[in-house]
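Input: a single structure, listed below in structure tokens.
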Amino acid sequence: MKVATWNINGIRTFRGGIKKVLDSLDADVVCVQETKVTRDLLDERTAIVDGYNSYFSYSRGRSGYSGVATYCKDNATPFAAEEGLTGLLTNHEGAVGCYGDHSEFSSEELQLLDNEGRAIITQHKIMCQDEVKTVTIINVYCPRADPEKPERKQFKLQFYKLLQCRAEAILKNGSHVIVLGDVNTSHRPIDHCDPSEIEDFGENPGRKWLNGFLHDGNQEEERNEEEPNESNPTNTVKFVDTFRYFHPSRTNAFTCWSTLTGARQTNYGTRIDYIFADCQLAKNYFVGADIMPEVEGSDHCPVWGQLSCPLLSRSKPPPLCTRYLPEFAGKQQKLSRFLVKVEQTSVQPEQRDALPGSQEDGEKRENLNPFEVANISCKKRVITSDSIVPKGKKTKTIKTSSKPQGSLLSFFKPKLTNVPPAESSVADEPTLTQKVSTPAENESSITGSRLDEGTELVYNGSSQGSSSSTTEENDTQMKTKHFTCQPTLGHSNAKKGESLVFWKSVLHGPPPPPSCKVHREPCVLRTVKKEGPNMGKQFFVCGRPQGHVSNPEARCNFFAWVDKGK
């Protein structure tokens, strides 16, 4: 049996779907945290994954916040599943039970602790040495203690106490227990990139709780041997950090890094993602545990643990499984409803064509021949009903079938075939005609469509008369127009240049970045977002990723406020 945990920082960020992620972890039970999805945002591709059955817990108060999910392979289907730690969210059979003593909590506190979607519990059967045993997996996303919100510190400690109360109650009932997920506290100095920067590192309340919840690694083996004969129940509920059980002295083993400072590049992080197991389970049946820092896609990395016991599967998932939700209960029913809607819209295609102000209708009106409205409208009706190509392609089909008159230039060109051959000045006309057409072509290539409107009058005048005098007058008009437009363009370009200089002087961009003193590289611009007297101010810091002071490749301590005058 293999279990894995990963804070994925948003389950909808995986564009290719969650199945590829689950398959890549190659675990029987995958627990993910910070899904940031609520019931109304959960889509079928995420909830119903081929080869897995899933169980979700959502935040009831905020959208896009918190949330956990457990995915079990079909050959590792749990025998029971439950949302939350208090039991208040359980209204179905197949729950895990064993809630412990809640006398230290008020009813309001219990409701709030389970209201953010931070726990999913699944119970499995494993075969250990020809004996069937029960193992309960508690998938948790523990709260973060926001330093600017003192009430969240107390909320975090209360969640820790509730988690311990539930885990101990399940363990006393005869089941093995695995607690895994994002605990949001680094336990020892070895689990932190720079513990010296934290004042009173060991006095942190979260670390004190971990000290009481976990066994000391140095005395772990001796205590495990004494557990079966212990009369004091408090010693039988100690848990083991499985990673430190197999790697007691490994340094720089972190699972979370800051994405804002690029700290993952320098491995400047913390280890706050764990797999805890009760002492007997860790000693007798765990064969390995490790982190996976090479797996990207989140600001955390996965953690896995391997047991020597095979899983026993149940044929039918417990009621909490997402496939029983009404919106996912029947795929055929949803598909039939979708097909019915399409059939209703296809029965009345005229309503779609008659939409007011649609782009398609506007394009069709531009291409209509005013003398053949009736014929083209019939063609449009046939094309709309028979064609299934996109709207843009429909317009092109109508345009070619109605035979438009080509470009404006070809429309306004004089026709030489209309010139009478019996004129006295037949020999001179080709020269004059060539004289007229040449500046027209030049004019269209230089000045564009705006000058084509001016040439329309010239060509209309030349096509009405065939005498050489009229042609010469038109030629003179054409040349005049051609040369008088050039100063106008130059004048407009000069105006544009002046306005550009003006707006650049008024709306100047950010100040040029200085170079840091150590690396001689351009700094990056940052803005203070923390509330206080400096909120909104901008400053420059070294552009390299954050790292330890002893690392020469990491960010130096350069800092400079942006001068307001610049």
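Every residue gets a Cβ built from N, Cα and C, even glycine.
Automatic, uncurated: that is what TrEMBL annotation is.
Counting only same-chain residues six or more apart in sequence, the Cβ atoms lying under 8 angstroms from the Cβ of TYR141 (active site) belong to ASN7, GLN33, GLU34, SER66, GLY67, VAL68, ARG118, ALA119, GLY181, ASP182. Positions annotated as active site by TrEMBL: TYR141.
Look at TrEMBL and you will find ASP182 tagged as active site, proton donor/acceptor.
Positions annotated as active site, proton acceptor by TrEMBL: HIS300. Counting every protein chain shown, the number of other Cβ atoms lying within 10 Å of the Cβ of HIS300 (active site, proton acceptor) is 24.
Listed in sequence order, ASN7, ASN9, CYS256, TRP257, SER258, THR259, ARG264 are the same-chain residues at least 6 apart in sequence whose CB falls under 8 Å from the CB of ASP299 (Mg(2+) binding site). The Mg(2+) binding site annotation in TrEMBL covers ASN7, GLU34, ASP182, ASN184, ASP299, HIS300.
The compositional bias 'Polar residues' annotation in TrEMBL covers 431-448.
Annotated domain 'GRF-type' per TrEMBL: 516-565, in sequence order.
The region 'Disordered' annotation in TrEMBL covers 346-369 (among others).
Sequence annotations record features per position, and here TrEMBL assigns region 'Disordered' to 419-478 (among others).
Sequence-distant neighbours of ASN184 (Mg(2+) binding site) (same chain, 6+ residues apart, CB-CB distance under 8 A): CYS142, PRO143, ARG144, ALA145, LYS156, GLY206, ILE272. According to TrEMBL, the feature site 'Transition state stabilizer' maps to ASN184.
Taking a C-beta cut-off of under 8 angstroms and a sequence separation of 6 or more, ASP273 (site 'Important for catalytic activity') has the following same-chain neighbours: THR5, TRP6, ASN7, GLY181, ASP182, VAL183, THR255, CYS256, ILE291, HIS300, CYS301, VAL303. The annotation site 'Important for catalytic activity' is assigned in TrEMBL to ASP273.
According to TrEMBL, the feature site 'Interaction with DNA substrate' maps to HIS300.
When Cβ neighbours within 10 Å are tallied across all protein chains shown, the highest count among the recorded positions GLU34, ASP182 belongs to ASP182. When DSSP labels each residue, the domain 'GRF-type' (516-565) comes out as 0 helix, 12 strand, 38 coil, counted as helix, strand and coil in that order. Across the domain 'GRF-type' (516-565), mean pLDDT in this model comes to 84.
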